[in-house]
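K.L.:
Let me begin by handing over the structure; questions about it come next.
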Amino acid sequence: MDIAVVLVYLVAMIGFGIWGLRRARSQEDYLVAGRRLGPIMYTGTLAAVVLGGASTVGGVGLGYEFGLSGMWLVFCIGLGIIALSHFFAPKIQRLEIYTVSQMLELRYGRGSRQVSGIIMSAYGLMIATTSTVAYGSIFHALLGIDRIPAILLGGSVVVIYSMLGGMWSITLTDFVQFVVQTIGIFLVLLPLVIVQAGGFSEIGATLGPDAFDPVGIGGSTILTYFLIYTLGLLIGQDIWQRVFTARSPGIARWAGLTTGVYCLLYAVAGALIGTAAQVLVPGIEVSDDVFTAVVDHSMVPLLAGFVLAAALAAVMSTASGALIAGSTVFRQDIIEQWRGRRTGVAQDLGGVDESDDRVGASRIWLVIFGIASMGLAVIMPSVVEALTVAYNILVAGLLIPILGGLVFRRGTIVGVMAGMIAGTVTTVVMMIAAGIFADSPIYLGLAASIIAYLVGSFASRPTPEPVLSAWDERLRRRRRVSPAITAATSMRTAAIEDVTTTPESKALRADSSRSSPSGAGSVEATSTAPPSVSPAAAASAAGTPPGISTCER
């Protein structure tokens, strides 16, 4: 029964991918869902992408090891979403770009895009790898197959639905996955394991008072989580790409804040599940196995299948988001720059070459990244290990240049290059020397990046005024209206006028316009409008299925 529930879920995900194939008609549709998501869809997709394998499987595992204080990894992720949404999301949503590296080029001028693209691509690949490891663990426990076939099975499903419809497919599957994981974690698994473990008093009596110590994991560990995950969430391509999908800066801010609060609650829930699991299934050596073990121990078959589907939902949503993020950066900021197809961000965003070949190229690179993530998952079996590598590289290499570009006007391209290289090299060397989980890589990497960024910026000429003026203008402008929405609005207006206007008023308006030069354009527009256009037909002409608002597409 559990297997049947999960298989139905996987087939449904592929079905949503096929649905998204009809929507992804341009690069903007494929990469950022046409920049048209409303608050409900935006909240669901943002929550789904940040709460993945490390937050669900890894979060429960940390609760198993450290009790309630195991919440801090996911809690810091929630703090990062809150900070991003309140302070930066409205600003970056107005940029109307596709990648973080494009923001650096807009702010500092040409020269940083490829280097930052390499760092961000590596981050996206490692985030996808963490999720691949996680759903490999779930399929291994559920189906009783070896890890490698389990990884290939889950990875293939994610690659298929992500590749078909791009961000449209991912948005719809993310929202479904958000609903499934919310029900599975908060309404099913959490209350059930707490009751089975005897309630909070019995758990405390069995494990001791330290089980509910909120800082028992240690102050230095909490600080490291803050530096890696809270600050890392401010600059991740997978997170920014979701911000780009918001319909307005207001949605990016307030729906994002809602998502951040949800993440804080999710952190506490995962840690409590892990704490209760210490009582229910003691003696587990591998923390990533705790989630499936407690589900298998506590659930009847049908419920177990649903909760495992919830875990898969959390894992797959992050995997798909990381795949499209990493492949977008790699193609836009590395491959096309090396091939000389683009001379700057303006050409990338100016409506040039929105053809099928660019969407096709995006699909190809997404598949390549999917295959690479499956390969890395085979050789890197720890979820938290892969996530730590990803965020160490991201934060040390890009945090200072990106935040500096948003708040420090004296920053220059020389400072950016120096900060990225110094931070990344220092962090990688220290991870090799001191270990992936050591505190020193991120501390020393950040320090090196800050020093190099400031020294390079003050030792070089200021950013040219035309570059800063163009940056300021882009931040001030209102969102451009896509041609599809304009066409749909015009057709619907014409249809309404045709239905509601009497023949006498039409004749009077025509006579009036013939006698006034200013009315000629409107007469021509009205007279050439189709005589009868239904709202469904207008929506279809704009690429929107009947019954779905063009604003919510």
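Keep in mind that glycine also has a Cβ here, set from the backbone N, Cα and C atoms.
Note that TrEMBL annotation is computational and uncurated.
Take a look at what TrEMBL says about it:
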COMPBIAS  513-546  compositional bias 'Low complexity'
REGION    498-553  region 'Disordered'
TRANSMEM  6-21  transmembrane segment
TRANSMEM  42-64  transmembrane segment
TRANSMEM  70-89  transmembrane segment
TRANSMEM  117-142  transmembrane segment
TRANSMEM  148-168  transmembrane segment
TRANSMEM  175-195  transmembrane segment
TRANSMEM  215-236  transmembrane segment
TRANSMEM  257-281  transmembrane segment
TRANSMEM  301-325  transmembrane segment
TRANSMEM  389-408  transmembrane segment
TRANSMEM  415-436  transmembrane segment
TRANSMEM  442-459  transmembrane segment
K.L.:
Compare 70-89, 175-195, 215-236, 389-408, 442-459 by their Cβ pairs under 8 Å to the transmembrane segment (6-21) and return the stretch that comes out on top.
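P.N.:
Of the candidates 70-89, 175-195, 215-236, 389-408, 442-459, 175-195 scores highest.
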K.L.:
Looking at 148-168, 175-195, 257-281, 389-408, which one has the highest count of Cβ pairs under 8 angstroms to the transmembrane segment (117-142)?
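P.N.:
When the Cβ pairs under 8 Å are tallied, 148-168 comes out ahead.
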K.L.:
Let me check one thing: do the transmembrane segment (70-89) and the transmembrane segment (257-281) come into contact, meaning three or more Cβ pairs under 8 Å with sequence separation of at least 6?
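P.N.:
Taking Cβ pairs at least 6 residues apart, the transmembrane segment (257-281) and the transmembrane segment (70-89) are in contact, with 3 or more under 8 Å.
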K.L.:
Quick one: do the transmembrane segment (42-64) and the transmembrane segment (301-325) have at least 3 Cβ pairs under 8 Å, skipping pairs fewer than 6 apart in sequence?
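P.N.:
These two stretches do touch.
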K.L.:
So which residues does the transmembrane segment (415-436) touch in its own chain, when a touch means Cβ under 8 Å and the partner is 6 or more beyond its ends?
P.N.:
104, 108, 111-112, 115-116, 119, 385, 388-389, 392-393, 396-401, 404-405, 442, 444-446, 448-458, 460
